[in-house]
């Protein structure tokens with residue numbers, strides 16, 4: 001009988017449970033998708049490129065798990081609070097507490113299992129859709145990647161089942177400790193009207209100061225290092241909470257003090273509701289602001305890293321093509337490209353050293369990048385190396401025997417030659433020398449050449465460049481006697497590809513993590529608002545009685561909740577915009593395309609805002625006759 | 001000859017849909033309240049007096065019949081019109097005060113005026129005037145939780161009157177008050193009626209409260225049972241009311 005009752009009441013609160021379910025499904029499915037990548041070591045082993053992402057996804061899964069724990073606890077205690085009265089009534093009617101606890105336990109667990117089933121299915125769909133799409137985007141073979149991967153399923157189920165069992169137990173024990181009367185009277189509490197005085201203003205000022213300090217620390221993170229990050233993060237967090245505790249109530253109070261505004265239409269009521277909310281929701285609003293910051297930050301950070309790859313690559317590489325002993329296929333490929341400049345430099349190799357011909361270098365001096373990651377500007381154009389090379393022999397890289405035998409090459413030349421000619425796997429510890437024509441001719445050993453070229457836009461030719469890189473790897477592999485997959489080339493393309501995969505993985509994870517964060521946070525806010533809705537019911541019914549138009553009431557709801565939603569959004573986005581500065585020491589332009597994550601956030605948040613308004617409206621206002 | 005502020009004609013209210021178990025809450029009630037009257041509606045539980053109040057206060061629609069308040073037929077109005085009508089022409093006092101506890105007393109009283117878009121300055125004047133009439137100037141800045149039940153009901157009355165409604169509708173206004181506060185409120189209502197020409201319709205089942213009225217309509221089983229007019233002093237009227245109630249009770253038993 002009791003089970004029947006509980007089922008029917010769950011059905012009544014379908015909407016609330018649905019919101020919880022959606023949050024859980026999002027979390028579970030993303031967790032699962034991360035796990036398919038994080039756990040499938042066979043796959044990552046065969047794709048050396050992707051193994052660097054594996055750690056990213058492990059970190060992502062951990063973060064997600066962490067936040068999900070909070071979410072589940074929060075959401076469950078909300079649902080419990082919704083049903084306290086009903087459960088208390090059962091007890092008054094003589095139902096045993098143990099029995100009710102048992103039912104509650106089963107309910108929570110059932111809910112968890114349902115969300116696990118749906119979540120796993122959605123996760124598999126996500127993995128086979130988006131996961132495979134990612135692989136294709138990164139041009140990584142999907143052989144060995146399974147959207148349906150049993151260890152990931154076990155991991156997901158194991159982790160979440162334990163989580164659900166823990167929360168169910170906590171729910172049940174929490175109920176068991178409450179008395180019947182406390183349960184029934186759960187809702188009958190009046191709003192405390194706390195007056196905010198000068199103290200609040202001081203706290204608000206302190207909050208603003210802490211925020212400013214935090215931002216400054218993040219801004220100066222290059223000098224302050226880890227300390228800056230820790231101080232920045234802590235003072236930003238505390239500052240955020242202080243602002244929500246003090247500044248916001250003071251602001252709303254100021255709105256109310258404006259007599260003209262307050263006396264117009266329903267404003268007095270709207271502001272009063274708002275004041276109550278900002279006073280009661282300080283903690284959750286602060287948390288939401290922080291998590292919006294983290295969520296959007298994860299997305300923006302991931303995106304920024306990915307978008308900066310191209311900039312990065314051009315900092316390190318001036319030449320788009322860099323080939324040792326180009327073959328026919330390489331020339332064919334070059335013909336397809338729009339080559340701006342192309343030069344060939346000769347060298348000889350014997351068993352002791354690499355000898356580069358000085359005259360070739362002087363005939364076509366090399367370009368070097370004038371940018372660095374610390375000091376990047378698009379205006380810093382590459383410069384030609386013009387230092388004269390009067391001596392017979394210079395050394396760039398010395399073997400043990402040659403140490404100290406020759407003069408070092410001038411710095412710019414060293415930079416140019418190291419960046420473009422030397423592959424340390426290839427030279428196998430031999431010296432690298434620059435010699436004049438006479439010495440060059442005297443040197444026995446095989447002659448080779450290296451080709452450098454600049455093209456109009458190397459991103460147009462990634463296919464050809466990739467093929468060239470493969471051929472270079474084959475060649476270097478045979479010289480150095482290493483397996484091809486362990487060969488690293490120093491071409492622009494390989495730098496680009498390596499970073500691109502890593503950063504795309506980061507971006508991909510950042511996006512999903514961000515979305516999961518946002519969805520869970522927005523639903524927390526929503527739960528919190530809805531949990532107070534039944535108390536507001538009387539207020540709205542009274543307003544209707546004295547003749548407030550339905551449209552005005554609905555308008556008031558929209559306005560009030562908009563304010564509640566907008567405050568954490570503003571602070572959270574401010575955190576992102578100012579906090580991204582922190583990446584400027586590793587990223588050339590942390591703000592590249594930041595509008596994309598911002599837009600995603602706004603859309604998700606707006607959807608939750610709309611749903612909250614509709615659900616709230618459904619609770620406090622009867623259907624229009 | 002005074003003019004009618006409220007006219008109710010053959011009003012029926014049927015709950016439930018046809019074919020199913022229907023209940024006739026009102027079976028053709030007709031009544032008139034003139035401007036400046038203080039009329040009580042009495043009747044046992046389930047007699048239909050709350051339904052009558054609800055259809056008059058436009059919170060519910062009559063199934064059949066015609067209601068006119070201050071010259072306006074309210075039975076044909078749309079929802080928004082009804083809401084506007086309530087906010088402009090009617091004043092309510094409820095048993096449980098129905099003050100918004102998150103607004104100060106001042107804001108509660110000002111609400112009906114704010115809704116009509118009255119300028120802030122004028123609101124301020126009107127609120128202090130009505131607060132003076134009801135003797136609650138001291139508590140205007142307080143919140144409902146900080147004041148007594150009697151004060152709450154006065155604040156509610158102030159809110160009901162601040163916009164000069166055509167008629168004040170009171171639903172068991174003394175129901176949640178102790179006898180001292182109840183008496184004080186009833187005296188205030190009498191004062192409003194006699195000295196400020198406020199028309200009042202009060203629904204009550206308490207004979208003592210009813211004895212403050214000038215005229216009382218008795219309802220039973222959804223129909224008007226009888227009507228008595230106060231001619232002498234209140235004590236006498238009180239006895240008269242008790243007699244009718246006894247009669248009502250007796251008719252119940254006989255049936």
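Please read every residue number as a count from 1 along the shown chain.
Backbone N, Cα and C define each Cβ position, glycine as well.
As annotated by TrEMBL, domain 'ABC3 transporter permease C-terminal' applies to A:59-174. For the domain 'ABC3 transporter permease C-terminal' (A:59-174), the predicted model reports an average pLDDT of 79.
As annotated by TrEMBL, transmembrane segment applies to A:17-35 (among others).
Taken from TrEMBL, the feature transmembrane segment applies to A:55-82 (among others).
Among the features that TrEMBL reports, transmembrane segment is placed at A:103-134 (among others).
According to TrEMBL, the feature transmembrane segment maps to A:154-176 (among others).
Taken from TrEMBL, the feature transmembrane segment applies to A:197-221 (among others). Proximity of distant same-chain residues to the transmembrane segment (A:197-221), defined by a Cβ-Cβ separation under 8 Å and at least 6 residues beyond the stretch ends, is recorded for 228-229, 231-243, 245-247, 249-250, 578-579, 581-582, 585.
What TrEMBL lists as transmembrane segment is A:227-252 (among others).
The transmembrane segment feature in TrEMBL is assigned to A:284-305 (among others).
For A:507-530 (among others), the entry in TrEMBL reads transmembrane segment. Non-local neighbours of the transmembrane segment (A:507-530) in the same chain are 16, 19-20, 22-23, 26-27, 30, 33-34, 56-57, 59-60, 63-64, 67-68, 71, 74-75, 78-79, 134, 277, 281, 284-285, 287-288, 291-292, 294-303, 305-306, 561, 564-565, 568, 597, 600-601, 604-605, 608-609, 611-612, 615-616, 619; each lies 6+ residues outside the stretch with a CB under 8 Å from one of its CB atoms.
Marked as transmembrane segment by TrEMBL: A:551-574 (among others). Distant neighbours of the transmembrane segment (A:551-574): 240, 243-244, 248, 265-266, 269-270, 273-274, 277-278, 281, 285-286, 288-293, 296, 525, 529, 540, 543-544, 598, 601, 605, 608-609, 612-613, 616-617, 620-621; these residues of the same chain sit at least 6 beyond its ends, with a Cβ under 8 Å from one of its Cβ atoms.
Long-range contacts of the transmembrane segment (A:594-611) within the same chain, counting only residues at least 6 positions beyond its ends with a Cβ under 8 Å from a Cβ of the stretch, are 19, 292, 295-296, 299-300, 303-304, 511, 514-515, 518-519, 522-523, 525-526, 561-562, 565, 569, 573, 576-577, 580. The transmembrane segment feature in TrEMBL is assigned to A:594-611 (among others).
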In terms of Cβ proximity under 8 Å, which residues at least six beyond the ends of the transmembrane segment (A:227-252) contact it?
196, 200-204, 206-218, 220-221, 271, 274-275, 278-279, 282-283, 285-286, 289-290, 567-568, 571, 575, 579, 582
Outside the transmembrane segment (A:55-82), at least 6 residues beyond either end, the same-chain residues with a Cβ under 8 Å of its Cβ set are 13, 16-17, 20, 23-24, 27, 30-31, 34-35, 37-38, 104, 108, 159-160, 163-164, 167, 170-171, 174-175, 186, 291, 502, 505-506, 509, 512-513, 516-517, 520, 523-524, 527-528, 530-531
Secondary structure content, the domain 'ABC3 transporter permease C-terminal' (A:59-174) (per DSSP, counts of residues):
100 helix, 0 strand, 16 coil
Per the Cβ filter (under 8 Å) with a sequence gap of at least 6 from its ends, the transmembrane segment (A:17-35) is approached by 10, 57-58, 60-61, 64-65, 67-68, 71-72, 75-76, 79, 111-112, 114-116, 118-120, 122-127, 130-131, 149, 151-153, 155-156, 159-160, 509, 512-513, 515-516, 519-520, 523, 526-527, 611, 615
